[in-house]
Amino acid sequence: MDTLMTHFNRLIDRISQSPHFLEEALSSTIKVDDFTARLFNIYRQVQQEPQHPVPIVLGLNRSDYMLDQSLDGTMSLKQIEINTIAASFGGLTSRTPDIHRHILKVANRLEERQRILDNNPAAGLAKGLSKAWELYGSERAVVMFLVEDEQRNIYDHRYVENELWLRDIPVIRRQFEDVCRTGSLDQNKRLFVGGQEVAVVYYRNGYMPQNYKSEQSWEARLLMERSCAVKCPDISTHLAGTKKVQQELARPGVLERFFPDEPETTARLRATFTGLYTLDMGEEGERTVDMALAAPDRYVLKPQREGGGNNIYGQEICSVLGSMRDSMERTAYILMDKVQPRPASNYLLRPGAPLRLSLCLSELGMFGAYVRCVQKGREMVMNECVGHLLRTKSSEHADGGVAAGVAVLDNPLLI
């Protein structure tokens, strides 16, 4: 799994450096999806900047998987999505091994206790941030967490933030409004917010349309993207994580464009892909619509959105897709084969809910961190898998994660 994640880090990085591919992949989506179009407009503006590209690139990604059971009973790992912006729970999941080890110790299940894997994504994510900060080259500059005004998941942030403080790296937390009000660029495009030089902008906000509350929020995003501060992610890496790009990567021959001399790499990546289908206007898109309407329970309809709770399942696919069959609006979505995992019995501990044995499904996320430095010959100076995340929910729920109150943080138990 570690090697698989480093392959995906390289893939995302190469996509972010491929303007022709991004333009080609998102050409239909940006015509109908205003949010993606606004992001892409910033991307185009940054591409035209005279000092592009920025010398340091930082990616903190999470690739999510489920075990798929085929009709003959064989199991295989299939990718659900890749998260390139604000990939969450690296902090909180760093604490869950100790929690489960303590519970097993109290229950006198000492053998099982030894089979809980060590896991500290917070330290690994902070390692990537600290490497980028170090390469930026100013000890007075700060790492800025770009956050929401009301942050429900603040403790997840704090574990990563505290790892940076342990490395003597100063951290500030600011919102779009702060950047708009007090942000500026000097003649060298260094970013200053409230008079403090920013080495790294770590986006823990900005991945949903509602995060941009005004035109000033979009102006703040453009200001940060135009700066020489390291962005995590930069706008091109943000776009590389869209659902439409994920679907385009599944087309025959596309992976080979990014790994022309690495057949083993492309084979390993492609083995994790499930069926992904375009809804662009035309014959291919029409076949996808017919396929979905004929057997909606076999598919998931996905919009270009992050944050969980956006996917469409079952008969609702017929309602939504049927209503826009002849409209360009459908190109804002992709269709994906629904992964068929094997349920397992488990207890879900949630506040206010009775403790009972349930049939559960789990999703495994792998965290990756990479840093590329253009000044060092465009080479990656760091590329690592830095930990994992396991989320478990009752099989009765089709969609929704931890933030929605459906899933819980979990740990793999080696057997």
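From the backbone N, Cα and C atoms, a Cβ is placed for every residue, glycine too.
According to TrEMBL:
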- ARG62, 85-88, 151-153, 204-207, ARG391, 402-403: substrate binding site (BINDING)
- GLU81, LYS243, 302-311, TYR313, GLU363, LYS393, ASP399: ATP binding site (BINDING)
- GLU81, ASN83, GLU306: Mg(2+) binding site (BINDING)
- 141-240: domain 'Glutathione synthase substrate-binding' (DOMAIN)
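All protein chains considered, the CB of ARG152 (substrate binding site) has 8 other CB atoms within 10 Å. GLU306 (ATP binding site) has ASN83 nearby among the binding-site residues ARG62, ASN83, ARG152, ARG204, ALA403, counting only those with a Cα within 10 angstroms of its own Cα. Every protein chain shown contributes to the tally, and the Cβ of GLU306 (ATP binding site) ends up with 19 other Cβ atoms within 10 Å.
If you draw a 10 Å sphere around the CB of ARG62 (substrate binding site), it holds 26 other CB atoms from the protein chains shown. The two recorded residues, ASN83 (Mg(2+) binding site) and ARG62 (substrate binding site), show a Cα separation of 5 Å. In terms of DSSP secondary structure, the domain 'Glutathione synthase substrate-binding' (141-240) contains 41 helix, 26 strand, 33 coil. For the binding-site residues ALA86, ALA403, the ranking by surrounding Cβ atoms (within 10 Å, all protein chains) places ALA86 first.
In this model, the domain 'Glutathione synthase substrate-binding' (141-240) carries an average pLDDT of 97.
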